[in-house]
Every structure is written in structure tokens, then in C-alpha cells.
Amino acid sequence: MSPYIATFAFLTALPFFLNEYEVSIVFTIMLYIVLASSWNLPGGYGGQYSFGHYAFIGIGAYTAAILVTLFHVNNYWGFYSILGIVAGATASCVLAALIAFISLPLRGAYFTIATLASAELMRFIVENWTSVTRGPYGIELPVPPKISLVEFPTYFFMLALLIISFIITFVIDKSSFGLALKAIKQDESLAEVCGVNVKKYRLLIFMIGGALAGAAGALFAYNTEFINPTSAFDVTTNIEMIFMTILGGAGTFYGPFIGGVILSLLDQLVLANFPYIHLLVVGIVLILFVLLLPEGIPTIINRLERKEIKLNQTNR
């Protein structure tokens, strides 16, 4: 665990040595990792390939934005800001349970379509419930004063959320819960015959993933200080979460961390060099990654391990 502790300690000290733009890049990397982790739990471990995961980000963002606006919060270290994050996670967790009730009985493409339809329904409701959400005009959050250590409050909240997602993923990966999910992913019928409560595990992991995404959505709203239905409910974000998970290794503990870092750095690099066509370039690069490495980075690791085994056998 010491390398992880050292990494988190490094991230804690980092903003004191960087300018605001550089801090925003690190914030984005951490956001990507948390979002990938939130999708990896139901998708990578549980085999629930949701295309509606972005709904949890949107609901989390709007719940927090409405709360801090309602109480005119001008200090993001305050009680209501923290309450906004918790409320965003809770609202998304409840939404995940509702979507799960509709979608989990379905399989394959039907499940994917049901989750996407549910997310679009939520976007439609938010866009048209103008008395609460201001509809397409969006919500402008109060801008907190920036003084000394409070200059980057959302950064430290995101770091805390990253640590929480790390702990959750680590515990699940090493526990009987994670083994049950992997069994369900491999063969649901066989897992049920062996006594695994498939419905319970699928529901729980879907809700945990939704809660993480909701908390990340709340911090996304705090960081941008403005949200609307287009930015909060963006299906592109869902595609990025899937790509990051596959790239780093779906159903692995380290997958979201590797995928999140690679995609966020790739996005920044391409944006700096190809600002007008950066989405096209990133898309082409990601497609090549998937074609050449269908199982992500673990493909390279497995190939190297096989070569090492063959080399050892040859030497004998």
C-alpha cells in the first residue's frame, strides 16, 4: 500500500507548486479516473454495459448545484457544499436503483438500450422542468472567494473522492463480493445455481457505481461553476468512461487509473496540437487502441508474460 499512499501524498502537495491551469489538468485527470471507476464497477466487474451512466453524473451535478444555489453558498469548504456532494451521490444512487429495477431484468443490447433511454428521459425532464432547473439556460453557481489554502477547494474534494473510489474498488476487488460479481459476469446461470444472489449483487454494484458518478458530477458542477442539460447529460462522457475502462483493463483494480490518465493526457496533448480537429484525432487513436489492444493494457502485459515463459522454457 505504500506506493499508493506516496501517490496520494504527492497529489495532496501538488497544487501548491502548480498554477491554476495545471491544477485544472490534474483535477480533470482525477475526475476521469473516478468516472471510469464508477463505470468499471457495474460494467467491468458485473458485466452490465450501461450507456446511461451519464445520467448519474447529470443528476449529481444538478442536485448539488440546486442545493448550493438555494443556500447562496459562497464558500466551497462549507457545510452545504459538502452536503451538496453527499446529496448528489444519494440522488444518483436512488436513480440507479430505479433504473436497475427497469433495466437489470434485461440482457445484452436490451439492457444497454434501456439504460440509454432512461438517461435521455432524465435529460428531457431536467431540460423541461424550468421552475427548478432553469431548463436549457442552466444554473450558474455562486463563485467562492479564492484565498490561500481555499484557492483550490474542488481539487481537494476530488482528491478525497479519488481516494474513496480507490478504497471501494480495492475492497470489492479483493472481497467475496468481487468474486461473486466476476462469477456472474462469466456465467450468470451457473453463479445462481452455486447460490449467488444475482439480483442483489447486480443491484448493489449498479447503485455503488451510480453514487460515485453522482459525487463526481457534483464536483464537476462546482469546478465549472455553471451547468446546463447539454454539459451535465453528455453521452460522450459515457463513451469516454467505457473507453477508459477498456483501455486500462475492464474488471481490474488498476484499469480505471491507467485508462483515466492515458485518455486525459491524450486529450490535452491532442487539443494543444490539433485544436480544431482534436475530437476526430482522439477518436481515431482510441479506435486504433481498441482494434490493436481489445482487452486494453493487460493485453500487452499478457503478451510479455507469455514471451517470458517461452524464453524461460527455451533456455531450459
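Just so you know, glycine gets a Cβ as well, placed from its N, Cα and C.
Per TrEMBL, transmembrane segment is recorded for 23-42, 54-73, 79-102, 152-172, 203-222, 242-266, 273-293.
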Segment-segment contact (the transmembrane segment (79-102); the transmembrane segment (203-222)) at 3 or more Cβ pairs under 8 Å
yes
At a threshold of under 8 Å on Cβ distances, which of 23-42, 152-172, 273-293 pairs most often with the transmembrane segment (203-222)?
23-42
